[in-house]
Amino acid sequence: MLILVAACVLVDDAGLVLITKRPEGKPLAGLWEFPGGKVEACETPEHALIRELDEELGIDVAAPALTPLTFASYTYPAFHLLMPVYLCRHWTGEVAANEGQDLAWVRPEALTAYAMPPADEPLKQILPGLLGLSGDF
Ligand SMILES: Nc1nc2c([nH]c(=O)n2[C@@H]2O[C@H](COP(=O)(O)OP(=O)(O)OP(=O)(O)O)[C@@H](O)[C@H]2O)c(=O)[nH]1
């Protein structure tokens with residue numbers, strides 16, 4: 001089974017990237033991930049992401065502010081994950097932990113220090129380069 005999840009690399013004015021911690025009780029609990037979630041039937045990935053960013057973080061993102069950045073494709077035991085990853089640098093509202101989740105703003109090159117789902121491992125490596133950093137530090 002293929003599941004489609006839209007995720008977002010939110011980058012603030014200082015160049016920091018937001019990651020959120022998956023709560024206890026969910027699969028992959030305790031791992032850090034990029035905000036986002038499953039794309040529902042009849043929803044575009046962009047609209048799913050706008051909905052999830054509002055629900056999870058209380059921010060308002062306009063569709064043109066979402067730029068396709070990369071994707072993850074990974075086989076979990078129960079499904080294959082296809083995850084388009086968007087870049088977003090502009091939103092309105094203050095980022096808040098609406099679901100009580102831990103939040104962290106991190107330098108892209110520091111993502112390797114955070115435990116993330118296996119699907120995200122390649123993203124950790126390429127994000128500094130995609131965001132315009134050398135990735136060598
Ligand atoms: N949002 C997000 N999901 C990710 C990332 N990496 C990754 O493997 N996933 C997987 O993609 C799926 C995300 O769907 P989700 O967050 O809506 O699903 P869920 O199981 O938490 O909850 P739900 O079924 O109640 O909606 C999960 O299986 C999650 O483990 C990531 O960086 N961001």
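Using N, Cα and C of the backbone, Cβ positions are placed for all residues, glycine too.
As recorded in TrEMBL, the features of this protein are as follows:
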| type | residues | note |
| --- | --- | --- |
| BINDING | ARG22, GLU33, PHE34, PRO35, GLY36 | 8-oxo-dGTP binding site |
| BINDING | GLY36, GLU56 | Mg(2+) binding site |
| DOMAIN | 1-131 | domain 'Nudix hydrolase' |
Setting ARG22, GLU33, PHE34, PRO35, GLY36 aside, what same-chain residues sit with their Cβ within 8 Å of the center of the Cβ atoms that define the 8-oxo-dGTP site, listed in sequence order? ALA7, CYS8, ILE19, THR20, TRP32, GLY37
Take the C-alpha atoms of PHE34 (8-oxo-dGTP binding site) and GLU56 (Mg(2+) binding site) and report the distance between them in angstrom, rounded. 11
For the domain 'Nudix hydrolase' (1-131), what are the DSSP-based totals of helix, strand and coil residues? 35 helix, 44 strand, 52 coil
Please list, in sequence order, the residues in the chain of GLU56 (Mg(2+) binding site) that are at least six apart in sequence and whose C-beta is under 8 Å away from its C-beta. THR20, PRO35, GLY37, ASN98, GLU99, GLN101
In sequence order, which residues at least six apart in the same chain have a CB under 8 Å from the CB of GLU33 (8-oxo-dGTP binding site)? ALA7, ILE19, THR20, LYS21, ARG22, MET116, PRO117, ASP120
